[in-house]
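Chemist: The structure is given below, and queries will be raised subsequently.
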Amino acid sequence: MSDALSAIPAAVHRNLSDKLYEKRKNAALDLENAVKALITSGDHDKISKVIYLLIKDFAKSPQANHRKGGLIGLAAVTVGLSSEAAQYLEQIVPPVIRAFFDQDSRVRYYACEALYNIAKVVRGEFIFFFNDIFDALCKLSADSDANVQSAAHLLDRLVKDIVTESDQFSIEEFIPLLKERMNVLNPYVRQFLVGWITVLDSVPDIDMLGFLPDFLDGLFNMLSDSSHEIRQQADSALSEFLQEIKNSPSVDYGRMAEILVQRASSPDEFTRLTAITWINEFVKLGGDQLVRYYADILGAILPCISDKEEKIRVVARETNEELRSIHVEPSDGFDVGAILSVARRQLSSDHEATRIEALNWISTLLNKHRTEVLCFLNDIFDTLLKALSDSSDDVVLLVLEVHAGVAKDPQYFRQLIVFLVHNFRADNSLLERRGALIVRRLCVLLDAERVCRELSTILEGEDNLDFASTMVQALNLILLTSPELAKLRDLLKGSLVSREGKELFVALYASWCHSPMAIISLCLLAQAYQHASVVIQSLVEEDINVKFLVQLDKLIRLLETPIFTYLRLQLLEPGRYTWLLKTLYGLLMLLPQQSAAFKILRTRLKTVPTYSFSGGGQISRASSGVPFSQYIHHREDGGAEDNNINNSHQGINFAARLQQFENVQNQHRGQTRNKVNYSYNTSSSSASKEVRRSEDQQQQQQHKPPPSSTSLSVADNNRPPSRSSRKAPGQLQL
């Protein structure tokens, strides 16, 4: 120690700890000269003792001025050592770095100044301490003192210059340090980190792209920073990396894809746009590397298709189309089940555009990988059925296309129709809102006759009679009005002359029995007018209710539409189509006279020509007063039915059909009676309780004095007349 003191004059020792900067500076210059003299004499041992003295008595001193002197002294020693400084760096640099964390801001400032001077002398040898220096600079970049920040920035620029020109810098050791700090929120630290990433990426010998997955998430995190400058710097860095990716033959797309998928759902709009833009490029460039990530990528794209920002929507749609156009097989690692799972989840999205694209994906997979999709059908089938209740018609139509694609296989066709009927039964509003749309679309996508036959078969055995009746009424209306079922109507018109028409008529008849008006409509369509008349005659009082009259009203109005043009033209030959007239008059008799439907049908019947065929085949005029009974005894010509209903016509056993209809209607009547009885019993029970309560009150009042006659008469005069006391026209007052 005495050797060190002898090398440092007493005045220098004293002035190094002076509170005045000028004195400390002069002392440092003297110390520098002293060290140069020691170098000249080759006394390295004494130099080490001088450094030790500066650290022990100054750098570690509890006095701030001593610590400042120690820092400037260590810098002066380094300058004095010049080219010999490298061998003493392990002694000199650590105490200076520790001073970066000193509580006194001026000490931290002088630490930056000291290290700056040391770095200028040793340059490349400085890299050995880079990680510690980087850590210290990262903290100082956010220092509360502006002077310290300024000094740190100067030092930072010098260190960057040294690193870029050094061949000893280890990027492998640096990346963990960078990764640890990428999620720091302090804006100054973020600027510091982005600055280093940009600088290192500009060095040709440093492969920052290879380590991009380690800090990519941090860069994306900075895109949502409140500072415009930081967002701009992060975006600039990301743009540069994306350009490098496009030009690089070897990129780790997989790890980065995972990060991008997460960032695509960021609440920040700019982050989402940047992430989806990167995903778009990855889909184009990634090739086989991205196959196992397709499901995750799709999960990120589909929500963005409905993003509120148009730019994001445009890029998302382009990416979606690009991804869907890629030809890849399950043998290449393409996970059909994972894609279907993503599409199924997105079917519950609040946004229509996303749901539509999810269905397009299911449809695409069904076309390209049908076998694999059918293996996962149970996982998505329920969701597809629920989608039939979607608020969007476009979504429902796409769902039906998917269902139709699945139902091309016979084993899935019946399953679809059964589940469809089940959904209609469980959700009556679905039948009301979507029933016609669903059935009509299925008839287009699948064979219309096949669909109607299957529905009829299922409804024939339906236990819920009310639902069966409602469903049949809906199907009947669809059959009568839908353009998609025009061929089916033409087939039914030939039921009495063709085998195909007869078989369809019989198939539909079984379930149409659940609704009298549906049966009558079916018979009118099939030109089975005699059977229609007999069905009308078989109706009883219980059948003529409000629902029946509403359906009848609809049928009367439909008779005036182009669909029943053939029927109206047949009225020009009343002698040939006697049973048609009887049927229409029968319907007229069921309608209330004041109803609009009654007036419509009566007006139509008034236009029927008043002539008929004579027995010899000649047309004979009939007066307008000829009773209807003169018509009904004629047999219909050509394709008409036989008067005897017990006979079969073209293989249709109408007697058996009538029995079938009456059996089903008896079931409906029995159910209605049971409901009425239950309601009556419930109300009777309530009434009995009310009577008992009234009797109890009367018994209590027997002990009270009776009211005066005057009060009774007043009460009677004030009481309103009862319903039975009001005299209506044609009624007696009792």
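Every residue, even glycine, has its Cβ placed from backbone N, Cα and C.
Sequence annotations record features per position, and here TrEMBL assigns repeat 'HEAT' to 92-127. Per TrEMBL, region 'Disordered' is recorded for 666-734. According to TrEMBL, the feature compositional bias 'Polar residues' maps to 666-676, 709-723. As annotated by TrEMBL, compositional bias 'Low complexity' applies to 677-688.
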Chemist: In the repeat 'HEAT' (92-127), how many residues does DSSP put in helix, strand and coil?
Modeler: 33 helix, 0 strand, 3 coil
Chemist: Restricting to the repeat 'HEAT' (92-127), report the mean pLDDT as a whole number.
Modeler: 94
Chemist: Could you put numbers on the helix, strand and coil content of the compositional bias 'Polar residues' (666-676), residue by residue per DSSP?
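Modeler: Split into helix, strand and coil, the compositional bias 'Polar residues' (666-676) gives 11 helix, 0 strand, 0 coil.
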